[in-house]
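Novice: Checked Swiss-Prot, it gives:
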type: TOPO_DOM; residues: 1-16; note: topological domain 'Cytoplasmic'
type: ACT_SITE; residues: Ser214; note: active site, nucleophile
type: CARBOHYD; residues: Asn308; note: N-linked glycosylation site
type: ACT_SITE; residues: Asp382; note: active site, charge relay system
type: ACT_SITE; residues: His408; note: active site, charge relay system
type: CARBOHYD; residues: Asn457; note: N-linked glycosylation site
Amino acid sequence: MTLNGNIMKYCLEKGEILISFLLIALESMFRICTVILPSPLRNWFYEQSKKVYSYFLPELLVDDNANKLTDARDTIDLCALHGYDLEEHFVRTTDGYLLGLHRVYKKKKGKIEELNYLPPVLFIHGLMMNSESWVCNLKKEDAIPFALVEQGYDVWLGNLRGNKYSIKNIKFSSQNPKFWDFSLDSIAIFDIPSIVKYILSVNSFDSISLVGFSQGAILAFAALSIDTELRNSVRAFIALAPAIAPKKYSGRTVKSIIHANSQLLYLMFGRNSMLGSAVFWQAVLYPPVFAKIVDLFLRFFLSWTGKNISETQKIVAYSHLYSFTSVKCFVHWAQITRRKVLQMYDDSPGFKPSYYTNLNRIARYPIENIRLPITLVYGSNDNMVDIETLKTQLPPLSQCIQIPNYEHLDIIMGDTKKDIVIQQVVEQLNHVIAGDYFESIKEEFGLDTELVDGVMNHTI
């Protein structure tokens, strides 16, 4: 590239970062103005936006069931609306964070251990999400956790530090910047092992399976790669759309942000919670309007069409999708994705980020050390997953399953995922875990032999 070309490229990148700064500043200004408005005036604007939306897009008005799901306050309400009960648990990590944990089971009389008689499965959510993201589907048949509960698995929904259900620390308030001083390393080293240890302590099993989505999947990879005790406790791992190595950046603005120096990202987003504004607008905007804004944002910045997710499903899901995390986690994820290596957090303040520096080599998570059955499920149109790059890093005993025409969010929200994604998850877990176990409990619980054979052969 010529000198003029390099200068032009440099100017474009800096210009795009400047535009990002301006957009963030503009959003902050609107948010502050909205906060200081009197409550009656905010309610008036809310009602007016609802009327305008209803007039121009009446065909997209949500039905009563969707309204109830949209208005659900938490994971407990969402599960109840779908006919399931939920137990709340709390896990204390060794560095002082209190993590909310949700155990899902059928609304039937009897002990949980009798209803959920198969080994436990832990679900790990993605970036800026919480446990609600797994159960905010329009139909219960489209929620992966519910499908596993119906199979008899002991299902647990995790909540990582900083989100809606894990906003406590024994030393620091969430208003203290020290509360938010954690990267993905802290989650991999403290949160996931603590959650797994707790789950195994409250039931009779000595092993567990993991299901992670997006960033949740890469966190599971990281935790398993460095913790021998954790590896010995995990029977199988299903990674849904692990966002380690994006296939491509859909827009120059996103590319410029991801490739920006870490200190510049801190200057843009601060050092506390990441994009708390998303949670704010989610609370003050009419849900269909908020869903439209999110949809436009995802289309513009990430080129996600969302064509496999119905408009009503988007309205419900986007009302529960976002939660808090630290800016440091986002910066860490940006370091991982731009280098396409699952590495530890780079503390170097150097202007030009590099996997190798003059002084040190950033530590990489040795995921090739993981020796357990791993299934990677991803969409063919998912621009957050470069499967060819991932294949070079995946450990033995791994298999990759591609879902045609699926994008990133389709894996957990797609309209057709019941017959595609859920089927794959259930089959993989049944194949790896349930074979020997079904035989061992057949007599103890009086299970019908024909039923057991049907489940194992995937004929029922």
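Cβ atoms are placed via backbone N, Cα and C, with glycine included.
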Novice: Taking just the CA atoms, what is the gap between Asp382 (active site, charge relay system) and His408 (active site, charge relay system) in Å?
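Specialist: Computed Cα spacing between Asp382 (active site, charge relay system) and His408 (active site, charge relay system) is 5 Å.
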Novice: Sequence gap of 6 or more, C-beta under 8 Å: which same-chain residues meet both conditions with respect to the residue listed as 'active site, nucleophile'?
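Specialist: Expected: Gly126, Leu127, Leu240, Ala241, Pro242, Ala243, Met384, His408.
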Novice: Including all protein chains displayed, how many Cβ atoms other than that of Asn308 (N-linked glycosylation site) lie within 10 Å of its Cβ?
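Specialist: There are 20 of them.
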Novice: Could you tell me the mean pLDDT over the topological domain 'Cytoplasmic' (1-16), as a whole number?
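Specialist: The answer is 51, the mean pLDDT of the model over that range.
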Novice: Look up Asp382 (active site, charge relay system) in the DSSP assignment and report helix, strand or coil.
Specialist: coil
